[in-house]
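Enquirer: I have a structure I would like to understand better, so I am pasting it below and will then ask my questions one at a time.
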Amino acid sequence: MVVHIGGLVAVVCFYILILMVGIWAGRKQKSSEKSPDTEEIMLAGRNIGLLVGIFTMTATWVGGAYINGTAEQVFSTGLVACQAPLGYAISLVVGGLLFARPMRNAGYVTMLDPFQRKYGQRMGGLLFIPALLGEVFWSAAILSALGATISVIFTDVSMTASIIISAAVVIVYTLFGGLYSVAYTDVVQLGFIFIGLWIAVPFAIRHEGVGNIISTWPEWRGHMDKSQIVEWMDSMLLLIFGGIPWQVYFQRVLSAKSAKKAMYLSFCAAVGCILLAMPPVLIGAIAKSTNWSMTDYDIKKDITSPEATKLILPLVLLHLCPKFIAFMGLGAVSAAVMSSADSSVLSASSMFARNVWKLVFRNQASEREVLLVMRLGIFLVGACAAGIGILVSSIYVLWYLCSDLVYVILFPQLLCVVYVPHTNTYGSLSAYIIGFLFRILIGEPSLSIPTLIHFGPYVPAKTLCMLISLTTTLIVSLITKILFENRIISPQLDILHCLVNIPNEILPLKESTTIDELQQSYRITKPTSTTLGQQYLSEPIMMINNSYSQSQDTLNTYTNS
């Protein structure tokens, strides 16, 4: 087995540093809270500061898959086709404008909380499935990027073995702690990426085998035919709106000290996404402008093959830079990937432990039991992500798979649950089924799913599926509301118990205890209203007033129930 000793030392050093930062942050959490609960683990006690928050919000998307995938796409198909940096940056801006303030003001713990509050526990559990798949696909992209880097340093180790080893490292590291560890390691991660890659770029561009990237601009700029414009727009809309309904994003939003700061974090992170995409874009351009026969790269291996293209960023570092610079860059990217993987795995396991295990199956589960389930989830999510990372060839394909189901199913549901009061469980369930069916019927070549429905060359197919899902939610919710509340249909047929046949149950998802947040969260009207019906309340309760004692009584009522 061929091993680059310098690369091995660099990766080990960076891993140790990340691990030490994670352990230090975990101890910081324990020292501030003697017996941390699930909210303390998941959201760092809603005490993330502005500076650390900006770094960790930027790291929502900027990681190994982002860096490697951007360089891969610029090299293989050109800058025009490299949509992820711009798409995710706009996504952060839109998320900050539309969702950061209402979600943080409501004091939710996970992204699925508003769904379970409005549509019930089981519907929330069903919506967990596309959210879980999204997080697993994203984790798979991260592990695939890390496996690519390791397979360059250990040249005789297969990609499969690299991903399995990387998954093991990520799983072990993630067990060290919650969002405190994630946030502080994100600061180190972005520093590694920024410094390591910007140091490498000048050395790579000065290599004798590299041409003038300005004169080769037409080659790495890429080209888009008129027939590809609709598909390009469809993919861009998917990245923008499909990049919002992610627990890994709302985990950062909900951990902010205030709703205003949550908005600022999103806006600043959008700028960070663009800035940190610049080095990999340049590396992709450098690779496209290189005569690889003038390097020590084995020219018997086609540099344009899918296997080599996936490794283009570590290959540029290794063959166009001095060894000590190359190993610094490789070690930085490896550590950055490891750090960004933990947040995605933590997000998926957090949703499962809280929104599925506790609120669907085990309502009386203790904090200790929920934390145990969360840790078990970390193992399962990591294993699934490793399997997908091995089977799917391109990091960029994984990127689109990450946002696909989330865009078609979850985004319209999130839009409705936040901004459309009359939607109910019937509309949500119908849209879930119809949106999923349409998305399957339009096919997916990367997964060998045949296309059974063609909307035509001028229709953005995925966006149309999303709009069909959104329209279904609105129409079905309105029709069922009219039919049940006007007694056109018997109340006994309200089998989902969300409009008129409402049981005496309360779903306490709001865990904040301040008076201001109570007034924001528990704005309760009559139970015949769909905004209240899905909360399973059977008696009319008046609006919470400004009196401290009445607010406390209301809080006790929710807690005891």
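Positions of Cβ are set from backbone N, Cα and C atoms, glycine also.
Model, not experiment: these values are computed from the prediction.
In case it helps, TrEMBL gives these features for our protein:
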type     : residues : note
TRANSMEM : 6-26     : transmembrane segment
TRANSMEM : 47-67    : transmembrane segment
TRANSMEM : 73-100   : transmembrane segment
TRANSMEM : 126-154  : transmembrane segment
TRANSMEM : 160-180  : transmembrane segment
TRANSMEM : 187-205  : transmembrane segment
TRANSMEM : 229-250  : transmembrane segment
TRANSMEM : 262-287  : transmembrane segment
TRANSMEM : 370-392  : transmembrane segment
TRANSMEM : 398-420  : transmembrane segment
TRANSMEM : 432-455  : transmembrane segment
TRANSMEM : 461-484  : transmembrane segment
Enquirer: The transmembrane segment (73-100): which same-chain residues, six or more beyond its ends, come within Cβ distance under 8 Å?
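Expert: Beyond its ends, the transmembrane segment (73-100) has Cβ neighbours at 57, 60-61, 66, 219-224, 232, 235-236, 238-244, 249-250, 253, 256, 259, 262-267, 269-271, 273-274, 277, 280-281, 283-285, 287-288, 304, 309, 312, 396, 399, 414, 418.
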Enquirer: Answer with yes or no whether the transmembrane segment (432-455) touches the transmembrane segment (160-180) by the criterion of at least three Cβ pairs under 8 A, sequence separation 6 or more.
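Expert: No; fewer than 3 Cβ pairs under 8 Å.
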Enquirer: The transmembrane segment (47-67) vs the transmembrane segment (6-26): three or more C-beta pairs under 8 Å (separation of 6 or more)?
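Expert: The answer is no, given that the two segments have fewer than 3 Cβ pairs within the 8 Å cut-off.
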Enquirer: Assess whether the transmembrane segment (229-250) lies in contact with the transmembrane segment (432-455), where contact requires at least three Cβ pairs under 8 Å among residues 6 or more apart in sequence.
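Expert: Checked: the transmembrane segment (229-250) vs the transmembrane segment (432-455), no contact.
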Enquirer: Would you mind listing the long-range same-chain contacts of the transmembrane segment (461-484), meaning Cβ under 8 Å and 6+ residues beyond its ends?
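Expert: Residues 233-235, 237-238, 241, 404, 407-409, 411-413, 415-416, 420, 422-424, 426-428, 430-432, 434-435, 438-439, 442, 455, 491, 493-494, 499-500, 530.
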